[in-house]
Amino acid sequence: MSMTSLSTKSRRQEDVVIEGWLHKKGEHIRNWRPRYFMIFNDGALLGFRAKPKEGQPFPEPLNDFMIKDAATMLFEKPRPNMFMVRCLQWTTVIERTFYAESAEVRQRWIHAIESISKKYKGTNANPQEELMETNQQPKIDEDSEFAGAAHAIMGQPSSGHGDNCSIDFRASMISIADTSEAAKRDKITMEDFDFLKVLGKGTFGKVILCKEKRTQKLYAIKILKKDVIIAREEVAHTLTENRVLQRCKHPFLTELKYSFQEQHYLCFVMQFANGGELFTHVRKCGTFSEPRARFYGAEIVLALGYLHRCDIVYRDMKLENLLLDKDGHIKIADFGLCKEEISFGDKTSTFCGTPEYLAPEVLDDHDYGRCVDWWGVGVVMYEMMCGRLPFYSKDHNKLFELIMAGDLRFPSKLSQEARTLLTGLLVKDPTQRLGGGPEDALEICRADFFRTVDWEATYRKEIEPPYKPNVQSETDTSYFDNEFTSQPVQLTPPSRSGALATVDEQEEMQSNFTQFSFHNVMGSINRIHEASEDNEDYDMG
């Protein structure tokens, strides 16, 4: 499905504003590719491999942009008649570079883009609103052998006690209403926590093990610098992570307790999974047994299936983002690259992710859908069972060629069921990939490799993990890099180089993060009626 409409097949030739051949620069393998582009009067800029045939429905585009509120810039080097368009890809601002056959052709395209952009600039109108339809939840065949898997994927186990993830959503709404007065009294700041150890450090900030003073509970707090987020144009990714964490409650997703902001920082207070990254454990063991890989794979499939049911594509599957909790269960972390509002058939084309884990359709400059996550699952499960990446080269161009055209190789010890699963997940064509159909995760649940899995028991954490991290206490950080845990716990003040920011500049920076704060009500439902926890219910800020 096109980003800008329910279906390109519903478009009409008479709605085309301008069309013709342009060369577009690839985003990964950065060569120039001829594409037949069309601008429609609703602001859609669609690119096709070949000119659409007259009198026939438009095919699905390779490129799909929205030029409402677009900006353009002209260049003459390294090629003449170049131009750059800064526009929207879903909710993300992106830049794409083109060149035309002549200055006159380029000017016609610039004029069309600017005319459309001016038409919609500053409006909240959705030119495709009349084409939108409700995304219906599928009905489950209760007599099916895989009914339990379907319930687990949807986060609706058909029986059993479950945990907070299975609590009726209406109960959470009641708890919000009942505790609104308490919420008004409860504003979370850094002063509410004791900082204990640094768990990780990156460009945008730090992750620190902390203890909430009021409850004495341990959390991992991710503290990000606002100025760096803005300078690196990561505002959209940061806000997406916040929204996804707020929306999604699942046993195998890291749970957000609070998000709040200080003058210079954004803070995510999250569950602390002290079993460390799966990457650490694979590196230590070399390979996992197939039963161990099956256990982790089943939990990952359920979590991603749940995200997909919420119309969210994860897009950053890698061993470093798969944590183990103290009992040995999976916790998927880091939701900054998620893309929202992507259901079956929907596409996006933003380049993101770790090079070794990128799916072929991403590298080939195609729009892609939720099936990229199943490619990522194929890569991490290959690493677990084979001890190496399926495709690897230090040279990124060579790496990308291997991902797009290389053959899979398996160690002789691998079972036929494991080979079939990995081969299905690592199919180059996303439409033929295991999980690529409308049933999504359920296709993978049916694989012979997962034949012995009780999916509902897996969801309820009733299956004993094959490995339990050897942690001595709640504050044990032995599975985290000593390079970080040995560092002093302190925050680096924002850079003061150059002139101090004006009041207007400060207000502009803060305006990027309005409505950021969140206090987790869902996680407190089971404690609503405990007198000692009367103040444990929080507001939505």
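Glycine is treated like the rest: Cβ placed from N, Cα and C.
For 15-118, the entry in Swiss-Prot reads domain 'PH'.
Residues annotated as domain 'Protein kinase' in Swiss-Prot, with sequence analysis given as evidence: 193-450.
Feature annotation from Swiss-Prot assigns ATP binding site to LEU199, GLY200, LYS201, GLY202, THR203, PHE204, GLY205, LYS206, VAL207, LYS222. Residue density at LEU199 (ATP binding site): 22 other Cβ atoms are found within 10 A of its Cβ, drawing on all protein chains shown. Under DSSP, LEU199 (ATP binding site) is assigned to a strand (E or B) in the three-state scheme.
Around the Cβ of ASP316 (active site, proton acceptor), 21 further Cβ atoms fall within 10 Å across all displayed protein chains. If you look up Swiss-Prot, you'll see ASP316 marked as active site, proton acceptor, on the strength of sequence analysis.
Annotated phosphothreonine per Swiss-Prot: THR350, in sequence order.
For 451-528, the entry in Swiss-Prot reads domain 'AGC-kinase C-terminal'.
Per Swiss-Prot, phosphoserine is recorded for SER517, and the stated evidence type is experimental evidence.
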(message) Beyond the listed site residues LEU199, GLY200, LYS201, GLY202, THR203, PHE204, GLY205, LYS206, VAL207, LYS222, identify every same-chain residue whose Cβ lies within 8 Å of the center of their Cβ atoms for the ATP site.
(response) ILE223, LEU224
(request) Name the secondary structure element type, per DSSP in three states, that contains ASP316 (active site, proton acceptor). (result) coil
(request) Write down the Cα-Cα distance for ASP316 (active site, proton acceptor) and GLY205 (ATP binding site), rounded and given in Å. (result) 19
